[in-house]
Structure formats: structure tokens, C-alpha cells
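Copied from Swiss-Prot, the annotated features are:
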- 22-126: domain 'Ig-like V-type 1' (DOMAIN)
- N44: N-linked glycosylation site (CARBOHYD)
- N89: N-linked glycosylation site (CARBOHYD)
- N192: N-linked glycosylation site (CARBOHYD)
- 313-415: domain 'Ig-like V-type 4' (DOMAIN)
- N369: N-linked glycosylation site (CARBOHYD)
- N381: N-linked glycosylation site (CARBOHYD)
- N389: N-linked glycosylation site (CARBOHYD)
- 416-512: domain 'Ig-like V-type 5' (DOMAIN)
- N485: N-linked glycosylation site (CARBOHYD)
Amino acid sequence: MSLLATVLLLWGFTLGPGNTLMLDSGSEPKLWAEPQSLLEPWANLTLVCAVDLPTKVFELIQNGWFLSQVRLETQVLSYRFSLGAITSNNSGIYRCRCGVEPPVDIHLPALNKWTMLSNAVEVTGKEPLPRPLAHADPVDWITPGGLPVYVMCQVAMRGVTYLLRQEGVDGVQKPDVQHKGTAGFLIYKPGNYSCSYLTHAAGEPSEPSDIVTIKMYASQAPPTLCLMGNYLMIYPQKTYETLACKAPRNAAEFQLRQGGKVLKIHGFSPTRDAILYYVNLKELDNPGPFTCRYRMHKYMHVWSEDSKPVELMWSDETLQAPVLTAEPSSRDLEPGSTVQLRCTAPVSGLRFGLQRQGKPELVVVQMLNSSGTEAVFELHNISTIDSGNYSCIYMEQAPPFSGSSSSEPVELRVNGPPPKPRLEALWKSTVHLGQEAIFRCHGHVPRVSMELVREGFKTPFAVASTRSTSAYLKLLFVGPQHAGNYSCRYTALPPFTFESGISDPVEVIVEG
């Protein structure tokens, strides 16, 4: 896997199972509307589907249901679907997709023969015109005397006039930048903003977009610092650890720090808003927590707030192994109870790590610093997913930072069925044809892969990896075929292999 792909996976940009042959930058085509006349936009309308890489096959989908497919003799970058006059028969929400031709002659699964679905285009045939989409870019906050941000307004119909309004302020703001169906408005003041558009000067404005709230912060928001990979692993030959620092917007410079000390470690930036640090554990004179911060072009005198701290552990396994005990000591534990795992060492003033055996790696799941000779780790509200073999390890907090080998393992066995997540529907009552159905799956532990499953189907309809205990799952383009009962479940990310139960179902009722 490439370094950039690793970083993207770490921060949540994942593909569904079996999608390794899908297109990357060209995987999502663009769809927009071109009226014959902006004076009467619904009198004769054409939808244009464009893709980054040439193809012979284009498909137009209305209200989540197949409508039209064309196969051309030669490869092209776009195709025009003529809808004509818009009536109740051809109004609705449209998306398109394009055929994928692999660079070599190989067999592709059915789903991998198509790009991702395009953006949605709403065609109503009436006024007011459909609302545009609006969002803040690159962040939804500003600082005193700092860089402005944009409110971006996206309209599916080309050639329109864009308008931005601030709540409580008279008048409209005209765009500062404009390109291919998107306009950007520079924002210098906090407030609530919405955009709309006109097809001609005497026309009625469209419905306003959803509100975009721009906040005022006293300083640049902190970046995120995290360990590359799902868990920390300790082994005697390990000399380097990789930390990733990601800013909320493009940065000119990053710093990796321990307390007030800036570490002179060269970093590599795969993107303008992120940097990777390769930390030589042998050269550290302090095992204390790491933080990172950034500063931006034109504002080099102002540093952001520090990230949340990240602690590391390593060990040369030269010191005596600690002893791990469990309270209660029974291997048969009841779900919902609390277990204390006590790690005892022969000396004081150490950093302790609780390890859990994966397949095959032994990884650190908790860390504690102690001024005494022991540390007590707690597992709360335990369930079958906590069953496994645990051990502990420690390291000195003064040079040369020697460490122990792992303790003898302690097995925890929790009774009962696996825990069930909770599936939440983020809509009310019914889902209209062509809309998205967005769910949120609430689990119990972080670092899992969550799946949306439908009654009667084995293959999940959506998959999302998360470093937290919940994830959003969505049906992108709901058609009549999507009606039914849905549940969610989750499985551990490597190196663990546990699986949750199935949530109670949520019914999707499709209207229209």
C-alpha cells in the first residue's frame, strides 16, 4: 500500500470491500443541467454527464431507478441526455455513472465495471428553483486578523447568478470566485450564511441553501496527532515510530513537540495539510507525551493550538517481567461488569502498558504512568468482545529508557452473547425517491469496521471504518428497491477478530 493511501485510510477515507479496481480521482463523474434558455429553464433541459477518463458507456438514473443507458462506438469524456420539457413524468432527482474499462484484459466483478455515482441533480419543472448546496471551505471558522474562509455554493444548473446572504444583514454578496457550477464567497466575519441563485434578473430566486455557520476562534484550531496504524506494538528491535499530524487546513509549517521543546525531526508531507514524523526512539531524551502544531502562509508569526497529546512506549526487554493479576480472578465474567488488571513491577516510577493478544500481534491497548510500583488498568462494561489474553509491560522514564519483557498472560472469558450496536435513522418518517438515507451505527469500542446490512441480503450495503465508537452509513440514492429493514454490526480492525451482534432493525419506507 502506498504511503498516501495509508494516510487516507488512517483518516477515514476507505473503499468498500472488493473495490480495489475502482477508479480513483476519476471515479465520480459530474452531472449538471444545461437549459436551452435561462429565461425558461424547464422548457427544454439537457443533463450532461462528464467523467475524467474516457469511456464508451454512460448511464442516467432517475429517483434511484435505472432510466437510460448509452453505448458509444468511441470513448468520450461526456454525454448529453436530453430531457426536453420538464413535466411530472420526468421530474425528480438524477445521477449518472460511467463504465470502467480496466487497463488490462481482466475480469471485473459487476460492481467494479462502473464508476461511483455522480452528484445529484434535482429537476422539478417549477419555481422556486431547487436549493443549492453550500459548505465552508477549507474550515468553518476564522480567527481575528487571520485568513478568511469561503462559503462555497454549488448549483447544478450552469450560467446562473449566485447570491449570498448573511442572517441579520441587509443586501446580498456577490461571488469572489466562480468556476463550473460552483461559486466561492470570501467570509471575514462570523455569522450564519445561505446562498441562492437566479437564472435571469427578473426571475424568482431559488430556495435558499441550508445555513452555513462560520464561527470565530481566538486562535487557529488544533491539528490531530495520531499513531500510524491501529495500535502500538512493542518489540525489542524496534527503533522507529511514525506519528501523523493533520491540520484542518493547508499549513506552511508543522512542529512536533514534547512539552515546550521543539523536536528537530524531519517530516514528510504527503499533502499540504499533513505531515509524517519518523521518530527515532534511540535518540529521545524524554519519553514524555508528543504534541504537534502548525502555522499558515502569510501568518507565520501565529502558531495554532497544540494537538491532544500522544504517548509512546518501547522496550529492549532487558528488565524483569512484571506480574499481571485480574480482579475478579474468575475466568467466567458477567457482561456489564468491571475488571481491574493490576500490573506490578519490582521498581517504581514507570510507564506501564496493558497488552492484548491479537492475531498474531501483541498490541498495547492502554498506558498509565505511575510513581509507585504498580498500575491498575480498568475494563468497564465488559462483553464478549473483551474476551482474550492480556499481559503487561513497563519502561523506565529516565535514560536509557530500558524496558521489561511482557508478563505472563491472563485470560479473560466473558459470558453471554456479543453486544448489539444501536442503529439510528437520521431522517423522519419516510425517505423520498432519489434522496439519501443516512444512518448512524453506535457501537461499544473504537477501531472497528461497521456494516449496514439488509434483511434477506448477505452482502453489506455500506461499510465504514472508524477510530471512534460510531460511524455514519448511507444509502446514497434511494429507489423503490431500497425499501426494507436494515441493521448494523461491527467487526474488529486487525489484529483483533471479534464481531458484534446485529442491531435492532430500522425500516426504510420509500415515498414517491
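Just so it is clear, glycine is given a Cβ too, placed from its N, Cα and C backbone atoms.
All features noted in Swiss-Prot, drawn onto the structure.
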residue	record	DSSP (3 states)
N44	N-linked glycosylation site	coil
N89	N-linked glycosylation site	coil
N192	N-linked glycosylation site	strand
N369	N-linked glycosylation site	strand
N381	N-linked glycosylation site	coil
N389	N-linked glycosylation site	strand
N485	N-linked glycosylation site	strand
DSSP-derived helix, strand and coil totals, residue by residue, for the domain 'Ig-like V-type 5' (416-512):
3 helix, 45 strand, 49 coil
Determine how many residues of the domain 'Ig-like V-type 4' (313-415) DSSP places in helix, in strand and in coil.
3 helix, 53 strand, 47 coil
Measuring Cα to Cα, tell me the gap between N389 (N-linked glycosylation site) and N381 (N-linked glycosylation site) in whole angstrom.
18
Please count the residues of the domain 'Ig-like V-type 1' (22-126) that DSSP assigns to helix (H, G, I), strand (E, B) and coil.
4 helix, 56 strand, 45 coil
If I take the alpha carbons of N89 (N-linked glycosylation site) and N44 (N-linked glycosylation site), what is the distance between them in whole Å?
14
Report, as a single number, how many Cβ atoms besides its own are within 10 Å of the Cβ of N89 (N-linked glycosylation site).
9
For N44 (N-linked glycosylation site), the one of N192, N369, N381, N485 that lies nearest, given that the glycosylation sites are compared by Cα:
N192
Pop the Cα-Cα gap between N369 (N-linked glycosylation site) and N192 (N-linked glycosylation site) into the table, whole Å please.
45
Rounded to the nearest Å, what's the C-alpha distance separating N381 (N-linked glycosylation site) and N485 (N-linked glycosylation site)? Just drop the number here, would you?
29
